[in-house]
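Engineer: If you look up Swiss-Prot, you'll see K152, T153, S154, M155, T156, Y157 marked as substrate binding site, on the strength of experimental evidence.
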Amino acid sequence: MSHQFSPEEQAVLRIVQANLPDSLTPYADLAEQAGMTEAQVLELLGRLKASGAIRRFGASIKHQKTGWTHNAMVAWKVTPDQVDDCGRKAAEHSHISHVYYRPSSAPDWPYEMYTMIHGRSEAECLGVVEDVKRTTSLKEHAILRSLKELKKTSMTYFT
């Protein structure tokens, strides 16, 4: 079900999709930019969250500056009957931020479930891989390491 965003909603989302104002009163500053009151902005954001039109509202932290310097995308060989249970168990791990199921159409690529693992060292990431293997029926996997970050931005939905 899609949500038709009003001009007022779009105005607020256009501002918050970039960055919140760096001040002691970010919502008041945001309201001023949008031509609204702070109460109106808070009500609008609360309504959008409650309706499911926005999933979450929070800070993006530069993980490298907090010591989380390693990550690994792990591709797992999974059967269709394993996906829900194994995906749920993997998602419970605190070092895993994303779990996706993507059916493969490539005959030489048997991996269909992907987890994004974060750690403070390569050994910590590898330990998470072992934890997933121990707590699920998943065994066969491929670890895809990033060689270079080419782009990392948040999506812009309203311009």
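Using the three backbone atoms N, Cα and C, a Cβ is placed for every residue, glycine included.
Give me the structural setting of these features: burial, nearby parts and distances.
Structural biologist: For S154 (substrate binding site), the same-chain residues lying six or more positions away in sequence with a CB closer than 8 A to its CB are Q17, S60. Secondary structure from DSSP puts S154 (substrate binding site) in coil.
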Engineer: Tell me, how many other CB atoms lie within 10 A of the CB of T153 (substrate binding site), whichever protein chain they belong to?
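Structural biologist: For T153 (substrate binding site), the count of other Cβ atoms within 10 Å is 5.
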